[in-house]
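Colleague: Supplied in C-alpha cells, the structure appears directly below.
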C-alpha cells in the first residue's frame, strides 16, 4: 500500500516532474533536429569553412561529457552577464546543442545511403547544391534515418534527467525531492522509472510507425 | 555517396561564390568570438584575481587528484562493464530459456533507465557514505548492458562455419563460446567497444550529482571557494577542466577509429547494429 501511496500522495510533484521532462525533451528535440540537419548540410557543403564548422561542432560536442556542458551553461554562461536566462532555457539549449551533434551524424549517414545516381541526375538537371540537397537528397535521406533518429530522441529523453541536477524541475528532481523527504526509496524509483519508460515506449512506438509508413523500398 | 557527388567541380563563378561564403562565415565567426571576448572583458573574466588561484600548488594538486579519481572510476567501471557485458551477451545466447530471459530483462531494463536516476537511487540506498561505489555500480550496470548488445551482435556476426567447425572438433558449448566465438566477436567489435568506453568515461562526470570528488566536482569546489572582487571563477575553471575531459575522450575516440581503419575486420552490419548506442548519444 505504501507503494501506491507514494504516488497518490505526491501526484502534484509527479505531474510537474513528468510535464517538465516532456517539455524539456520536446523543446530540445526541436533544436537538435533543426540544428543537426543544418550541421549535416554544412558537413557536405562545397564551402570548406562550413565543412570545418560542422566537423568541429560534432567532434567537440560528441567528446564532451553532458554533465560538464550543463555545468558550463548553468554556472559559467551567467557569469558572462547573460543572467536573464532561466534554468529551463539553459538546459534546453544544452541538451539541444549536445543532441544536434548526434542528429548530424545520423543525417549524414542517411545522406550516404542515397544512391549516387540521384545526386548525379539532380546535378545534370542543373539544380544547385542547395536545391539538390533540399529537394532530392534530404527527403530520401530523412526517410532512411527515421529509426536511428528515434534512438537519438530516446537517448535525449534519458539524458534530460541530468537537467534535474541543475535546478530544472523534471522527473529526476522529483525523485530527489521525494527521496530527501523520506519517501520509500524503491517506490519513488519505481514510479520515476515508469515515467521515463512511458515516454520512451511511446517514442519508439511512434518512430516504428513512421518507419513503416515512410520506408523507401530499395 | 561521397560529399563531392553533391556538387560539381567549382568553376570560376562557383569559386567566387564559395569565397564570398567563406568571407561571410569568417566574419560571422569573428564577430561571435569578438562578442564572447567582449563579454569576458566587461565581466572582468581576464582579471588576474580570477586566475591567481590556479598558481597555487594545492589547487593544481586538487585537479590532479580529481583527474586520477575520474580515471580510477573509469578503469574499474570500464573493466567491470566489459566482464558483465560478456557474461550477459553469452547469457542472451544461452540454450536455456530462463537464462536467456533473465539476461534479456537485465539488459533491456538497465539500457532503458536514465543513468543518473539509477546512480542517485544507489547512492541514497546503500552508498551514501561511499558515493564512488554508487557511481561505479551504476556505470557498470548501464554500460555492461550496452556492451552486452555490442558483443552479442559481434558473436552473431562471426561466420556460422566457425562454430560448426569447433563443434566438429569435439569442443563443448562453453569451449566454443570461450575459445572461438567471444574472442572473434570482441576483436571485430573493438572499435564499437572502445566508443562505448568513451561514453563510460564521459558519464563518470555524473559523480558530480552525488557529490563524489571526481574532476568536475573538484572543479566546482575550486570555483565555489574562490571569492574574487569579480565573483566566482566558474568560467576559468571551465576553461581548465573542459579541455582535460575533451582531450581524454578524443584520445579514446581516435584509438577506436585507428583500430577500425587498421583492423578492417568490423563487419559493417554488426557495427551498424551495435554502434547505435554511441551514435545515439547515450
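Each residue, glycine too, has its Cβ placed from N, Cα and C.
A TrEMBL annotation is a machine prediction, not a hand-curated record.
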Colleague: Between the candidate ranges B:20-41, B:130-151, where does TrEMBL place the transmembrane segment annotation?
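Modeller: Per TrEMBL, the stretch marked transmembrane segment is B:20-41.
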Colleague: Looking at the candidate ranges B:61-89, B:177-205, report the one that TrEMBL labels transmembrane segment.
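Modeller: Matching range for transmembrane segment: B:61-89.
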Colleague: With a Cβ cut-off under 8 Å, give me the same-chain residues at least six positions beyond the ends of the transmembrane segment (B:20-41) that come close to it.
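Modeller: Answer is 235.
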Colleague: Under 8 Å between C-beta atoms and at least six residues away from its ends: which parts of the chain pack against the transmembrane segment (B:101-123)?
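Modeller: Beyond its ends, the transmembrane segment (B:101-123) has Cβ neighbours at 88, 91-92, 94, 131, 133-135, 137-139, 141-142, 144-146, 148-149, 203, 206, 209-210, 277.
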